[in-house]
Each structure stands twice: as C-alpha cells, then as structure tokens.
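J.: Mind looking over this structure? Questions follow.
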Amino acid sequence: MRVPASSDSNSGGKNLVAYDEPTSVLGLRRSPSPTAVEEKPLVSAASGVDNQFPSDDHAMRSMDWDSIMRELELDDDSTPNLKPNFPPPAHFAVVDPPLPGFPDQLNPAEYGNDNNNNEGGGFDIIEDLIRVVDCVDSDELQHAHVILSRLNQRLRSPTGRPLLRAAFYFKEALGSLLSGTNRNKNRLTSWTEIVERIRAIKEFSTISPIPLFSHFTANQAILDSLHQSSSPFAHIVDFEIGFGGQYASLMREIAEKSAVTGGFLRVTAVVPEEFAVETRLVKENLAQFAADLKIRFQIDFVLMRTFEMLSFKAIRFVEGERTVVLISPVIFHRLNGVSSFVNDLRRVSPNVVVLVDSEGWNGISGAGSFQREFVSGLEFYTVVLESLDAAAPTGDLGKKIIEAFLLRPKIAAAVEAAAVSKRHGGGEMTWREAFCAAGMRMVPLSQFVDFQAQCLVEKAQVRGFHVAKRQGELVLCWHGRPLVATSAWRF
C-alpha cells in the first residue's frame with residue numbers, strides 16, 4: 001500500500017533537509033542532539049499492533065521499566081572510539097565461499113586436542129548426532145530417540161571444548177524437535193529471561209566484534225543509500241529488529257547530518273507473535289531515544305502471520321520515501337521459501353536491500369538437505385564458540401550468559417529451520433540465485449564500510465578475527481571461516 005508523502009504538521013511548515021555525506025557510525029557519543037533544533041519532534045510509535053498482541057496489563061504496570069531501559073542503554077558509551085588506522089582496501093583478503101561441511105569434513109583435529117573424557121575428541125558424539133539427523137530424515141523416529149538417549153548420558157551439560165558445547169546445544173535442539181516442544185523453545189516467557197537476554201546482548205557486544213560488525217556495516221550501507229536521494233524521508237522495513245539497539249548509531253548519524261529539523265525516520269518491523277513484550281520495549285526505547293535526538297520518528301509493527309498472508313501489502317509505503325529493506329536469510333525459512341519472497345519484493349522495488357547473514361547460512365538457505373544444513377550449523381556455532389573462548393577466559397560469567405540466552409535459542413531455531421527445509425523437500429534456489437534470477441544486482445559497499453569494519457576488528461584486540469571480501473560481500477572471519485557477511489542489493 002503506497003500513499004502520498006506529506007510534511008508533518010508539527011514541522012512548522014519547514015521542509016526536512018536531505019541527508020549529507022554520512023560520517024562514521026562507530027564513534028558513539030552520549031547526547032549528540034543538535035542544539036539548533038528548537039521545535040518538538042514528532043515521535044510516533046504506532047499503537048495498532050498492540051491490539052494484535054496478547055496483553056498482560058498487570059505485568060506491564062508492575063515491571064521496573066527504568067531498570068529495563070538502563071539495561072538496554074541505547075546511548076551507552078561502552079563502544080570504543082575507533083581510530084582511522086587501517087590498511088588500504090588492497091590488503092583485504094579475498095576468500096572463496098567454502099561449502100558447508102559434510103560429516104567427513106568435521107575433522108576433530110581442527111577443534112583442539114582435549115578429549116574431555118570423550119573418546120575420539122568428541123567426534124564420535126558428532127557422528128551420533130548425524131545418525132539422529134539421518135533417522136529423522138528417514139522417519140525412523142524410534143531409533144532416533146534411542147541414539148538421543150545415549151547422547152543425553154554422554155552430554156549432560158554444555159562444558160568443555162567449543163565442539164562439545166555446540167554438540168550439547170544441537171543435541172538439545174534435536175530433542176526438542178523430536179518431542180515437538182521446539183515451537184515454544186525460543187519464546188521469552190518471563191521478565192527474567194528478557195533482562196538476561198538484554199544483558200547477553202550487551203556482553204556479546206563488549207567481548208566480540210560479531211554483533212557490532214553486523215550493525216555497523218548494515219547501518220552504513222543504509223546511510224550510503226539515503227545519501228543518494230534528495231528525499232528527507234527514510235523508511236526501513238526490518239525483519240530482524242530484535243531489541244532495536246542497533247538503531248542508536250543510525251539515529252545519531254541522521255540527527256548529526258540533517259540540518260535544522262533533524263531528519264525523519266520511519267521503521268516497520270515484522271515480528272513474530274510471541275514478541276509482544278519485547279515489541280513494547282522496542283517502541284518505548286526507540287521513541288524516547290529519537291525524542292532526545294530531536295528526530296521525527298515513527299515505528300509500526302506487522303505480525304509475521306499477517307505478513308505470511310499479505311506479504312508486502314501488509315506494510316504501508318509512502319510515496320516519496322526512500323525505502324530500505326533489512327533482512328537476514330532466516331526470513332526465507334520462516335516464510336518457507338525464498339523465491340516467492342523475492343518476487344513480492346520486486347513489486348515493492350525498494351531503493352536498496354541490505355542482507356546481513358550472521359547465522360552461518362553461507363548462501364545455502366532453503367537449498368540444502370536437513371543433514372547438510374545441520375552440519376553446516378554445527379560447524380558455524382563451533383567456530384562462534386571458539387571465538388568466544390579466545391575473547392573471554394574459561395568460566396567467564398558473561399560468556400555463559402551469551403551461550404544460554406543468545407546462542408542456545410539461535411541454535412534451536414537453526415535446527416527447526418533445517419527441519420522445515422527437509423519437510424518442504426529442499427532443493428530450492430539459494431537466496432543468491434533467487435536474487436539474481438529476479439533481476440537484482442549487488443551494490444558495491446563503500447570504502448567507508450571497509451574502514452569501519454577494519455577499525456572495529458582492530459579495536460576488538462582478539463587475534464583471529466579479520467575482514468575479507470567475498471563475491472561483493474564484506475565478511476567478518478575467524479581464522480578464515482566466515483561469521484558475518486553483509487551485502488547490499490538493488491533491482
């Protein structure tokens with residue numbers, strides 16, 4: 001649905017000014033609000049979605065919202081000032097996209113030599129996990145339960161080397177899949193879990209460059225796109241908003257680089273039904289942060305089930321806005337396919353599509369067998385855990401929180417996604433193939449994105465991380481293995 005754009009009535013008749021050349025989003029400073037702005041901004045958090053979510057008014061009234069807001073700390077000063085000391089683009093490594101590992105490629109020697117009381121360094125455990133996957137593939141569910149029961153005796157807790165900890169989480173995910181409880185596994189059902197997940201996000205951003213690489217490369221790709229248009233109106237359709245903390249640096253840039261009126265940002269977030277409480281947190285946080293920065297801001301929420309029925313017709317588009325769609329390959333599994341999504345996306349024809357793959361799909365989303373996607377995910381999260389071990393000491397509480405409240409639910413979702421691919425027969429085009437088939441072409445990321453990524457890795461001070469370019473993507477790698485890949489596309 002597309003409607004004509006109009007200036008807001010609170011703008012005093014002034015025209016919003018176009019975005020200037022964006023500067024680094026990496027220098028996060030507290031309270032950068034433009035002092036020249038005197039008028040009160042429009043900050044609208046659409047309330048229509050509230051009627052679609054189940055509410056718990058008693059819980060909402062009794063919650064210590066100030067504590068939650070402090071935990072989110074959008075304007076937190078913890079991000080270091082990143083200095084422009086980086087090698088020229090020619091020094092970036094160019095890596096070919098590796099195929100996801102098959103069982104015979106999971107060499108235990110690659111994951112350390114501590115056997116952790118498991119013969120074969122844990123590789124026999126991995127073989128049992130793959131046998132469970134094969135049983136699920138062939139509908140031998142009774143045999144799968146027998147093998148899983150044996151694994152439960154051997155893997156009682158997520159301890160030891162990264163490979164064994166990853167195996168524990170994947171074993172849990174398989175158990176949930178077989179018992180049918182996986183559908184509710186990722187739901188944040190209590191306030192305690194919500195607060196712990198917020199803390200996990202902050203811990204992850206503190207000790208690892210992975211989350212900030214995802215946010216800053218995506219934000220700069222968005223800012224580069226906005227700079228190419230004279231329209232002051234920006235609309236981001238976000239399929240992976242989470243708690244929304246990634247918008248802090250983007251809002252700062254819009255506030256600092258837009259003259260007089262401070263700019264206008266509208267966000268439409270597509271969210272699952274079980275995220276009712278989180279959605280309210282996002283609304284409160286972003287609206288308050290935008291008000292502090294004197295940015296005109298609106299946010300709408302669209303339920304995933306509504307999007308599944310109506311696709312992009314469920315989203316309000318305004319004539320004259322510069323539209324950005326922000327996605328990850330996870331959405332293709334949620335919607336049971338990439339081709340139909342891309343065809344609907346073509347009808348919308350956004351100015352740019354920014355894709356951030358931080359889940360280890362490596363371009364195979366929807367195209368692999370259950371076993372192939374399972375093993376690829378197991379490899380990916382083993383590497384993530386390796387990088388965490390390098391960044392934090394053994395027994396570190398923050399690392400345990402990250403694993404329990406961030407990685408564990410992501411692994412459960414990855415196994416469910418692989419199973420969905422199996423139920424639908426697999427064999428679909430990869431997202432990259434679908435993009436190209438629909439006439440999309442990759443938009444080169446600016447050298448400023450390179451600069452930010454390289455500075456971020458340098459400041460992380462964890463040996464093993466490096467930035468590479470691969471088929472037009474900017475990739476964060478850990479010892480040559482990709483962890484996050486950001487790319488921009490256009491019709």
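Backbone N, Cα and C atoms are what each Cβ position is placed from, and that goes for glycine too.
Just so you know, TrEMBL annotations are computer predictions that nobody has curated.
Taken from TrEMBL, the feature compositional bias 'Polar residues' covers 1-13. According to TrEMBL, the feature region 'Disordered' maps to 1-58. Among the features that TrEMBL reports, region 'Leucine repeat II (LRII)' is placed at 281-313. Annotated region 'SAW' per TrEMBL: 416-490, in sequence order.
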J.: From the DSSP assignment alone, can you count helix, strand and coil residues within the region 'Leucine repeat II (LRII)' (281-313)?
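T.: When I sort the residues of the region 'Leucine repeat II (LRII)' (281-313) into the three classes, I find 23 helix, 8 strand, 2 coil.
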J.: What does the DSSP secondary structure composition of the region 'SAW' (416-490) look like, as residue counts for helix, strand and coil?
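T.: Final tally across the stretch: 29 helix, 25 strand, 21 coil.
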J.: Mean pLDDT over the region 'Leucine repeat II (LRII)' (281-313): what is the value?
T.: 94
